[in-house]
Each structure stands twice: as structure tokens, then as C-alpha cells.
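These notes concern the structure reproduced below.
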Amino acid sequence: MRPEDVPGLPEGVPERLQSEGIEELYPPQAEAVEAGVTEGESVLASVPTASGKTFIAELAMLSSVQRGGKALYIVPLRALASEKKAEFERWEEFGIDVGVSTGNYESSGEWLSSRDIIVATSEKVDSLIRNNAGWVSDLSCVVADEVHLVNDGHRGPTLEVTLGKLRKINAGLQVVALSATVGNAEEVAEWLDATLVQSEWRPIDLKMGVHYGNAISFDDGSQREVPVGKGGRQTSALVADTLDEDGSSLVFVNSRRNAEAAAKRLKDVTAEYLTGEERSELAELAQEIRDVSDAETSDTLANCVAKGAAFHHAGLASEHRRLVEEAFRARSVKTVSATPTLAAGVNTPSRRVIVRDWQRYDGEFGGMKPLDVLEVHQMMGRAGRPGLDPYGEAVLLAKDSETRDQLFERYVWADAEPVRSKLAAEPALRTHLLATVASGFAHTREGLLEFLDRTLYATQTDEPGRLERVTDTVLRYLEANGFVEMDGDDISATAIGHTVSRLYLDPMSAAEIIDGLRWGADHREEKLRALEGVSDADARRAASDAEEEADESGGFQRASEMVSTGDEEGAESAEPIETDRTYPTALGLFHLVSRTPDMYQLYLKSGDRETYTEECYEREPELLGSVPSEYEDVRFEEWLSALKTARLLEDWTREVDEDRITERYGVGPGDIRGKVETAQWLLGAAERLAGELDLSSAVAVREAKKRVEYGVRDELLDLAGVRGVGRKRARRLFEAGIETRNDLRQADKSVILAALRGRRKTAENVLEAAGRRDPSMDDVDESEADVPEATFERASERTEGGGDDADDPQEQASLGDFG
DNA sequence: ACTATTAATGTATAGACAGCATGTC
DNA sequence: CTATACATTAATAGT
């Protein structure tokens, strides 16, 4: 089938496709068109990765808009939203507007209702439905990308319920579901009332195989000799072998540490193959990576990248990830060792994919658990760059012939598992039942059950009555916590229930927050009294901490870090501002939101149990709730890991350097970012709840939220709110005597200029943002700045350990990252 | 006695969505 | 109840 044979497309589109080089549709695409995707028919396309699934969706959306409709494209990750948007924007010349809506980004300009194609995550769509976004009922076509994710226990139910709601709101809605090849595609298609288009066809051939001994055996019976050499490392040999043919490779491993370790080893392999030009290109990239963050991870990554290897995992800052992905696509980075992040994320094809680890530790399982076939197939599907490679190679590694046979059996020959709905789990139903009631999809128990009956879960349950039972349990929970009211058969959401639903909170999180804030209000006087003594104890502890660190640190670098910490915490004890004025304290609130099911908690390492047990009793007066008994193992442990998370957030708001935080909590820069973002969201929700329930803590919550947002102590809140001023500049200004926004308007310009390290343009922007009448720095003399410059040097040493020669863009990098 | 190699022991384990109101150099 | 890779430390062999 050729583009001009496709019915229903806007005029000019087939010509445009031909100019893009599309002469002939891929077989699955043609099949989808025959099934009527461009004529409003629902279709489930279950085909391998990278075989033109998105194009099927595009055809459907274009034809739907052509008929006067509006399309929604649901993506599984925020990072994919912008990628898809950019892809769809090439249709703008045909009068098609594209908009994006995710938690952190919304298309500016016109309202989404004026857009023809909207790209959003499933959670965002769910949220928009809960908040009655008008355009939702105008939809004529919805695309669900990676629909097999309904199998995911955490996020699957949202996709499932959202699709159900969209179809209920809009009878006759065309559903185009895109899925990897799964075991029960028919069943999924049936659920969606869609025609199934299933195919194993790929635009580039994929050879799957297992490496064992000195050769890879492929599924087509062929063999390729790849001797392991003296190092005995299969991965190194395979990467070198690919490089001999000028190809890149992607290595999937099962932990962050392994990803980093593998990259460190592989850099010695890749270094051999670099040209001089590549070297200098990579050196530049390495510097960019270092500039993203001053954490150790950043340095390690830069060192690897300089030699042509990289690692990729969720502990990296998103900027890091982007740089690595881009460099890999541009082929300057020769190999990337990655955790599964990369298999799910943006498109990063590679000549050869090496699935080194096919088992992963699973705490619940209690050991190493083999990965799902689907997951391994996703990784292997990254092999082969369209138009560049003759074929892709995906290789598993085996140490003995037995494992080799087992791997062939388990992954190479095997079909993917069936997709199974995870909707009947309590946490999922808690959220979705409340939302279903609150947004008026059902107002009786029967109505709820009827709605649930249309989900995938209902079509595949083998345990009749289970859904009904869990529904009743959840309804009782929601009623007991005051989120719904039941009057006979009638169920309605309370005011607070509506709020919780709209805030997109797990009702259990909301309950925890409300309980905590109320508990705080009840114990306010008593706790404030207990806190009187705390600032001294706190100071003593801080001082002894600093000494300890001084003892164990040798060498120049450590010593300088030590100085910075000691000084910084010393400053704190001199001026105990956090614990004596407000209640609840920031730590108390951080702990509260951290023990919520919406916060992914930090893992307690060995020794942490003791550390945080001690910390817990010291800071007990600040915590909003009574400490669980140490004998209640699980509850106590959760309490402690929430405390650890809270301490990380507290450090962040005490202006502790990023690299100190990563070191202290054993996390990466990306994790800090994630925690900060989540805390910001939850504190925002807490503020709303406190306001709605008339709790006096709303002000304290707001301040804690602001402090997390800017990453500063409270005395900098005013300054950090000025555009162009982040935690570092605010601190400098403050130390130079500029303490408020008003000071920025009034103070001597030379002082300000000096605090901003003599950067005139920056200073002007800052002054303008602060509303100063005469922001110009033209008449300010460099020499006048001499005296305050000295003041500033001291200030800089105090907060940053001195010796910080960072350029403006560098300082701002971390700001932008976290802001 | 001292270093190089190896064995024993310890340790840690993937990922990432959402409110609201505006805007980084 | 289940594993594995890496890092660190202790033990052993070799010089």
C-alpha cells in the first residue's frame, strides 16, 4: 500500500509522506489501514518495537482531525511527551496544532482546547478528567502508546481506568492502542473493542543470540566467533567486536552500580578506537557533563565519556541522561551501560544490544528473579538502527552451555507473557474509586461495580467476587477517613474527598497528612516546650558530627570539604533559626510527607538503622505523630527511612552542597531532584488540605514548601524568590548584607555587583527583577567594589568551602535543574 | 620479611507519575 | 527459603 492509497487523510499529506521518502507502507501499517484506522475504527497494533507503530497513530490522528475531530496521544513517560510533540509538529503546515500537557510542562499560548492533537501522560489525562477539563468530551480519537503497561502494578491501573473513563465520556471514541508483542493481544483487543493487528514483521532484521565460550549462537542457526581474550570479559569482547565493524553497543545490567562499573571497564576498550577528532569532541562533552552537577557521579560519568563509554540510570540528573542519549545517537559515545531506564525511554538504537544481566534482585521475591520476557524483548528491540545497520544483534550472555540452552528457551524462542490487569489491588482502587465517585462517574456501589466491570480486570479475573470484596474494603476505608459519605445505597464524595481527588493524591497520603497536621495542632504547646531545649542539643550534635568527619578524613580534598561542613553547621548553631520559632518545623513536615505512600522512600543501608534511630529520638519533638514501637519492625523501619528522606530534604534546605548530599545519603543527583520535586508537590497538597481544614499549620507548610522549592534556609526566602536569584546567589547577597528584596532596590550597587562577582549583566537583570528603578550598572566603578569583595570572599567560604570559581552558567545549572 | 595472588567476607540491589502558578543565563 | 557482582579484607603462596 502506498501513501496515496490511504483513505481519509488531509489533502497534501500523502505527497508530504512521499517527500519524506515513504513510498510504501510497512505491512503492519497497511494492515491497520485496511482495518480502518483512518476511518475511525479502533485498532490494537501489537507489533515489535521500532516497526512504525507511531506512524499508525499519526495516520489515525490526522484522519480524525480531518473529519473535524480532536486527538489525544497518551505517553508513558514525560520525556516521551516532548519527543512525540516534536514529531507531530511537522503536520503544522496542514493546519494541525499540537499541544503538550504533563505535570511539569504545559504548552503555552492558547488553551489546549484549541489544539488538534494533545500529548499527555496517562496520569495527567486522569487528572484533567478529575478537574473537568472541557475539551476531553470533544475527543474523537485516543492513542494509547505502550498499552501493555496496564500490566504494571503501579501505573497500569491509571492507564486502564483512564481509557475506561474516556470511552464512557465519549461514546464512539476511536481507540488506537499500540503495544509490544504480548501473549494475549486478542484479549486486550477485545477489551478495547478494537480490531487486532498483530505482526512479527520488522523493518530491520533482528538477530537474537546467546554468547557462550568464544562465539555467539544466533536464532537463525548462524554463529559468530567472538573470543573472550585474556580478560575473560564477555561484555568487553562483544563491545570490541562491534567496534571492529564501527558499530556501537548498548549493555543492559541490573543495578546502577553495575552500570557504572561496566562503563569504567568498557572505557578502556572504547579508548582504543577513538580518532583524535572524537577525542576532542568527547572532552568537550565531558566538560558539559561536569558542569551539570558537582556530585561525584558527574565526575565519574565525565571520565568515562571522555574515553567513549557512558552509563545511564535514574540516579543521573535528567541533563546527564539527555547528554548521554544524544552523544550515543550521534555515535561519539561508543557504548552505554544502562539499567532498564533506557529500554523504556527515548529512542536510542544501537547496532548491538548486550543483555548482560537477565535477573534482578527483588526484595519481595527474596532473591534474584528472572526478568519478564517482555522486558528482555524490549531491550533486545533496541538493536539495529533503521537505515544505518544491515541488521541488529541482540545478545544474551551465558557462562555455561546449560545456561545458554536455558536462555534460548526462556527468552529467544519464548513468547511474551500475557498482560494482566493489576486493578484489583487496594492502593489502585483507593485512588480510582474515590476519583470515580468524586467526578460523578458513579454514585452507588452498583454503579461503581458496573464501571469496574468494563475494565480489563473484569474480563480476565479468574476469581469472581474479588473485585467486589476489595471495593467494599476500600469504600469502608474511604468512609472511615471522611472522603466519602454513604447514605443507604448512595455514595458521594465529601468536600475534602473532592479536594483529595483533584489534588491527585493517594487517599492514604491525604489521610496521613491530615492526621499528622491535626496531631501537631493537638500537641503544639507540649512540643514547643520540648523544642526550647533542642537547639542547644542540636548544636552539640552538629559540632561532634563535624569532629568525627574531621577525624576520618585525610588528604587535601577531604580536608577542604570538612572545613566547609564544620563552618556551615557552626553557623547554624550560632543562629538556631529553624527550631525555635515555627511549629510544625520543616523537618516535621518533611517527615510527614516522606512517610506518605506517594513518596518513594530511601533505602536504609547497614548502620543507618542505628543512625536514624538515634536521630529519631533526638528530633522526636519535631515529628508529627508518635514514634512507633521499635518492636513493630516494619512500621518502625518505614518511620526511619522516612526520617532519612526528611533529613535529605532538610539538608537541601540548609543549603548543603549537592555532592555532600549525594555522598551522605548514597544517592545520585537525579534522586535529589526527584525527592525535591515530590516533596514540593506533596507540601503543596498539604497546604491546600490545611487551608481547607482550617488548620493553623498552613503557613508553616507554605514556608517549608518554598524552602524546598528554592533549596534555602528561611532567611533567604525573600531573595530567592527574585527571578535570576537561586540558592547560591541569594546566599552571597545575604552575606554581603543584602538581606531582602527591598535591600536589592536600595543598597549600594557596588555591593550588589561585588556579591554577584562583578557580573554586570547578571546584576542588572537581578535588580530589574527586584523592581529597582535604576537597574543600570554602567556608572558603577569596579574599584568601588573592592571592599565588599573581601566581605564576599568570607561569605563564600562559609557556605561553599571557598575556592569556587564557578561561572554563572554553572551555578545556574543546578538551579535550573531543581527549580 | 614482604609482596602478589587468591580466598573469604561484606554489602547492596530498576524505575518515576501527580497540584498550582509562573518563568532560567 | 532462593543470587550475583563488586569491594574490602584476610589468608595464602611465591619471591
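Quick reminder: no glycine exception, Cβ is built from N, Cα and C everywhere.
What you see is a predicted model, and the numbers here were worked out from it, not measured in a lab.
According to TrEMBL, the protein carries these features:
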| type | residues | note |
| --- | --- | --- |
| REGION | A:1-21 | region 'Disordered' |
| BINDING | A:Gln29 | ATP binding site |
| DOMAIN | A:34-200 | domain 'Helicase ATP-binding' |
| DOMAIN | A:234-435 | domain 'Helicase C-terminal' |
| REGION | A:536-580 | region 'Disordered' |
| COMPBIAS | A:566-577 | compositional bias 'Acidic residues' |
| REGION | A:766-819 | region 'Disordered' |
| COMPBIAS | A:777-787 | compositional bias 'Acidic residues' |
| COMPBIAS | A:791-801 | compositional bias 'Basic and acidic residues' |
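For A:Gln29 (ATP binding site), applying a Cβ distance below 8 Å and a minimum sequence separation of six or more within one chain yields A:Met1, A:Gly52, A:Phe55, A:Ile56, A:Leu59. According to DSSP, A:Gln29 (ATP binding site) is assigned to a helical segment.
Helix, strand and coil content of the region 'Disordered' (A:1-21), in residues and according to DSSP, is 10 helix, 0 strand, 11 coil. Along the domain 'Helicase C-terminal' (A:234-435), the predicted structure has mean pLDDT 93.
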